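Under the heading transmembrane segment, TrEMBL lists 16-36, 76-97, 104-129, 175-193. Under the heading active site, TrEMBL lists Asp148, Asp180.
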Amino acid sequence: MITSSGSLEGKSPFKYLFLTIALILIDQGIKLWMYYDVLPNHYGEIDLIPGVFKLHYVENKGMAFGWQLAGEYGKLLLTVFRLCAMIGICWYLVYLARKNAHNGLLWSIAAVLGGAIGNVIDSTFYGVWLNNAPLDSPTPWFHGQVIDMFYTYGLDGNYPDWIPFLGGQYNTTPIFNFADACIFCGVVSILIFQKSFFIHEDRQTAQTIQNDALVEGEEKASVQENTSIVEDELHSSDTNKENVEVFVNHKTENDSEEIKEESK
């Protein structure tokens, strides 16, 4: 839809934020289920596909897939970074929605945002709620450990020497959670489909410029039309004024002649 200014009307960001909220709820539901049920009742482990994939409860201090920042304040810096990233991604999602960006791009960013917030909740609150902050943490706030559970252990093992970076040594696959998967899928989708995503955005920009030009042309035409109408009215007024003057002069002449005849 085109607004009165000529720009394309943006999309509502709420349906994309609804996906974000849904992903957060799923992520937190899985983590709390792992903590309150799988950990005490199943020794923290459920083998879903024997020899390939299982749920395996672990806690980590770091980023996605167990990566972490070293140092006394590494965890705090990571949590602050996550908070800033969460705010930035949320703003960017709303901005792109109002700019009428490609739906695929918006859904992908919503998935990334959901994953980011899911892990931020762990880092910010789990140290207090679940008392899982490391013993050497200065405060449980912002030092909570992220709960991971998805483990494709069937990929563990020695890889052939010809495989770059991994070959010739024993490798274990990282354990991740639902939030990590959301971030990964969102980023990969943007990378794979970036051409169609951003070509669409360029087309929207070009269409907006074209619409602005059309509206500007219509406004100029309207101004010219109004000016012409005013000029016609002024010309008509001048013509009427001249007709009145001619009538008055003619009437005056007739009256003068009648007076002269009466005087004779």
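Numbering starts at 1 and runs along the chain as it is shown here.
Heads up, the Cβ atoms here are built off N, Cα and C, so glycines get one too.
The highest number of surrounding Cβ atoms within 10 Å, among the active-site residues Asp148, Asp180, is found at Asp148. Rounded to a whole value, the Cα-Cα separation of Asp180 (active site) and Asp148 (active site) is 9 Å.
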